[in-house]
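S.K.: Below are the features listed in TrEMBL for this protein:
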type	residues	note
DOMAIN	19-499	domain 'Major facilitator superfamily (MFS) profile'
TRANSMEM	20-42	transmembrane segment
TRANSMEM	54-78	transmembrane segment
TRANSMEM	85-104	transmembrane segment
TRANSMEM	110-131	transmembrane segment
TRANSMEM	173-193	transmembrane segment
TRANSMEM	205-225	transmembrane segment
TRANSMEM	237-256	transmembrane segment
TRANSMEM	277-301	transmembrane segment
TRANSMEM	307-330	transmembrane segment
TRANSMEM	342-360	transmembrane segment
TRANSMEM	366-388	transmembrane segment
TRANSMEM	473-494	transmembrane segment
Amino acid sequence: MAKSKKNEKEKLPKELTRNAWILVIGAIAPMLDSTMVNIAINKLQSDLHTSLDMIQWAITGYVLALAVAVPVCGYVVNHIDGKKVMQWSLLSFGLFSFLSGIAWNIDSFIIFRAVQGFSAGFITLLMTTLLMQITPPDKLGQLMAVVSTPIILGPIIGPVLGGAIVSGANWHWIFYVNIPVVIIAVLLNHFYLSSFKPFNPKAKLDWFGTLLLAGGSVGLIYGMMKGSTNAKNFFNSQMITFVIIGLALFVIYGIYNRIRKNNTVLPLRFFKSKNFTAANIGIFLAGIASNGPMLLLPLFFQNTKGFTAVEAGLMLIPQGLGMMVTRPLIGKMIDRMGARPVVLVSLAISLLGTIPFIFVHENTNLIWLGLVLFVRGMGIGGLQMPMMTDIFIGLDKQDIPGASVGQRIIQNVGSSFGSAVISAVVTAVVTSEIAGQMTTKLHQLAAMHTNLTPTVIARAKTSVEKAVTLNGYQLGFLVSSIVLIVIAIPAMFLSQKKVNK
């Protein structure tokens, strides 16, 4: 009987569970969309008769618009019922998904994708922000376990689904497939989602602060993108310029926040909280440790194992399964023990699933790799969720939008930074080693009295490029492992609860 009461106490209230899953369903389409489009780049380039650089602008525009939406959404939910904001965001996302699908040239495609990204930024932020308003403090962990579902599914299912759609139909359907999901989400939202009172109706529109945060985010993210796309010269003039602009805007925001005495869209007084600061530092580093390898793993399977994009996506499924297995357990563990022990254990498991990739080679057994990825998924799945939960500890309800804005900005910048740094590491290794190893290989062939025909030289070049690229991937995984170890430092400042036996 006592055990039954305990289980009943640990369960999420039905209304909260219903609201959580309705919001999650709405967020699935944006999460999948952002990963599916990458699979269709070649088709888009061909059908829209444009260059790869212009297609990249459509992808970049989506990410930047998503970043701009974060502080704007923080203001809107202070003044308008969150249910209405979510409905309009979903309808906007669905409409511009359709328009992206029927885009007639690259210019229209870039514009429609940018507005689609802006809508997605609202949806993903609302998913967390609205639920924080109605969730008891002792249920935050379980709630985050539900909310993290689309975050987990997006990178795993997106590439596989995108590849299947492009192969079986055409790139237009990558966008059309969002429409039925949006319709279902809007209907559920309208009939079953609870209303959410505005967080702080008296708050005035902080246009200047919003523009500074949006501009700072765009500057840093775009700078990181310019570094990763030209990783041979990572610290190129464009990268440095935009990063400096981004940092300068954040510094100006700090001064502005001080003048306004924290009466801003993101009050910096939040950083006086040990939990808030430690959690955000951890989230930033976790973005590097998780997003960097998510960039490397598909490339490893394609360039080293010779897999197609869809096959590479399928190989990542074990990692997603690992995340899904631990997700419900982690939520309950956070509520019972606090974030610190959960993050520290997750770090140890993540290292067990990442370190083996430092030593992988082209003949490494696929079953072994699948098992390692499953372990890695179990660990990575328990990193960001506890830290996201810790951010909201001790905050008043009117502070939740501002805290969500800060968390999302740091998460977005950390993810972009992770991808950029890992890209730069791999490219630096390839650039520095390929000439020397190619010379050594040709000397070896000459010493064996091999006739250096163009065919022999081409084969030698392919062999060397494969070996050098593998070295780059291995170093990238080493960097990720080091970052995982560093996360233990801010993790020590997260919350910890006494476990009642």
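Glycine is no exception: its Cβ is also placed from the backbone N, Cα and C atoms.
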S.K.: Would the transmembrane segment (110-131) and the transmembrane segment (20-42) count as touching if the test is at least 3 Cβ pairs under 8 Å, pairs 6 or more apart?
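M.R.: Result for the transmembrane segment (110-131) with the transmembrane segment (20-42) is yes.
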S.K.: Apart from its near flanks, which chain residues at least 6 from the ends of the transmembrane segment (277-301) lie with a Cβ under 8 angstroms of it?
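M.R.: Tertiary neighbours of the transmembrane segment (277-301) are 155, 159, 271, 307, 309, 311-313, 315-316, 319, 339, 343, 350, 354, 357, 360, 373, 376, 380, 383-384, 387-388, 390-391, 406-407, 410-411, 413-419, 421-423, 426, 470, 473, 476-477, 479-480, 483-484, 486-487, 490-494.
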S.K.: As a test: from 54-78, 342-360, 366-388, 473-494, pick the stretch that has the greatest number of Cβ pairs under 8 Å with the transmembrane segment (307-330).
M.R.: 366-388
S.K.: Limited to the domain 'Major facilitator superfamily (MFS) profile' (19-499), I'd like the whole-number average of pLDDT.
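M.R.: Per the prediction, mean pLDDT sits at 83 for the domain 'Major facilitator superfamily (MFS) profile' (19-499).
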